[in-house]
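Annotated in TrEMBL:
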DOMAIN    A:150-195  domain 'DUF1648'
DOMAIN    A:323-348  domain 'DUF5808'
TRANSMEM  A:54-76  transmembrane segment
TRANSMEM  A:82-103  transmembrane segment
TRANSMEM  A:141-161  transmembrane segment
TRANSMEM  A:189-209  transmembrane segment
TRANSMEM  A:237-255  transmembrane segment
TRANSMEM  A:267-289  transmembrane segment
TRANSMEM  A:346-368  transmembrane segment
Amino acid sequence: MIIAIFLFIYVVTTGVQAFLPSVVKSTTAFGVTFPPQQSQHVVLTQAKKNYSKFVCLLSFIGIIVIFVLATVVFQWHEEQVVIMIIVVMLFVQIVAVSIYMYFHKKINRTKQQENWFGQVKQVRVVDLTARQRDAMLPTHFYLVLFLFPVVLFLYLMRHYALLPDAIPIHFNFEGKADQFLHKNYSSVLALPFFLLMQLWVTFGMFYGLKRSAIVGLVNAKEASITAQLRLRKYMSYYFFVLAMSFILLVSYMGLALVHHTLAKPTYVMAIFMGFAFINTLTTIALFSIKKRCRMLYEQDIVSNLADVDDDQYWWLGFVYCNRKDSSVFLEKRLGLGWTLNLGNTWSYILVVLPVILMIVMGILIGVLN
Amino acid sequence: MFIMIEPTSSVPIYEQLTRQIIEGIVKGEIKVGDTLPSVRAMAADLGVNMHTVNKSYKALAEKGVVTIKAKSGAVVCAGDALNEQQLLYLQQALKPVLAEGIVLGATEQQLENMLQQLLRELTTKEAML
């Protein structure tokens, strides 16, 4: 059984790895920007095909090798096979990344040699009406949510006498608490603080996205801006649902501390399952929306306009850092969705800081316990 | 309406922005009473510094094309009747371009045709680039 699970993980991760370069922004390949006029260039099409083929083949060979070693040569038991699967998976990932780097360098070289951007005019397109058409949820929708951790904290403080001496902070699969904190004012603070940080991150992602650029593809202006606006709208709904589900979960846990009848393992199970269910469902929904809202060039481009080449701000084609750009998020080059602008202070305030605080809190709780 | 900025052009970005907004107004794509996007939003969308957009909006306000209001931002205004000063400014702005044309050997007829053609282009709704 456990082998089957790990084999499944293996197939999914290597599969994603193999086809990731096909799911990219339509003006980049292996982290290199190219003008849309070059999209049929033999270097690009060959690279994509060869990369996917090679990674698929490698992962297939990996499975065969594990199978032969495990059954014919060594007669391993379950644990050893699982470890082997993990090792081979890591190996495939490393090889895939090095092939990615190889093609990144190769395409870049061809781009420089043939001076792809010398033959076109680089243009950045902005729609003046885009901000009016932007249908993201208003900011106060999110700001109101910050009342919840405050109210929760006040509520717990008010009923301090009713709280159990050992405050549960971790639950096992049967819904029973298996880790506790001693009751004192700081441990009572932990729950509202955790909620506050979660809300901070979700608000940060929402607000960061709201402040980020709405920019179109030059040769598909209307379609690309419409796609982006639609994606922004659904992302803001997604963050809101995410924040609400966290509030429900944490509020339940807070209430269960005061009203002990609520703390039955079956309830805990139901609440956690519900939370996981809502999150999985909305994430799947978001993924399919993202896929439909991709900005693509569908036909061959006849104009001499190209989107701006911003390769200089991308480290190896997937880490973005541009101090002059006031956007917090921008379209990823590899895969679907957005990536952080590491050159912008707001990225740290909105997203990185709360994540660090949460990790610090986790460590502190571990140490204090 | 779309604004298209060329970061590699020799024309500064704030100048490109100013020109294109004015052209948009001339073509009727931006109407009197419309509000331009906030400086912050515009800067994010263009991927430039807020200072650049500010400079452009200020230039538009100086030319009397927009009024900058504290709460609502830059609003396109109807422009009062053209005054002597503005006319003089336009004349001075045109002068070096005409001089360059004459130096390069353009005839009076050619320059006049060019002016006519540009006027026609601006007052009909066509793509800018």
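Each Cβ is built from the backbone N, Cα and C atoms, and glycine gets one as well.
Confidence annotation: the domain 'DUF5808' (A:323-348) carries a mean pLDDT of 85 in the model. Within its own chain, the transmembrane segment (A:346-368) has Cβ neighbours under 8 Å at 169, 181, 190, 193-194, 197-198, 200-201, 203-205, 207-208, 211, 326, 328, 340, counting only residues six or more beyond its boundaries.
Cβ atoms under 8 Å from those of the transmembrane segment (A:54-76) belong to residues 7, 10-11, 14-15, 17-18, 84-85, 88-89, 91-92, 95-96, 99 of the same chain, restricted to positions at least 6 beyond its ends.
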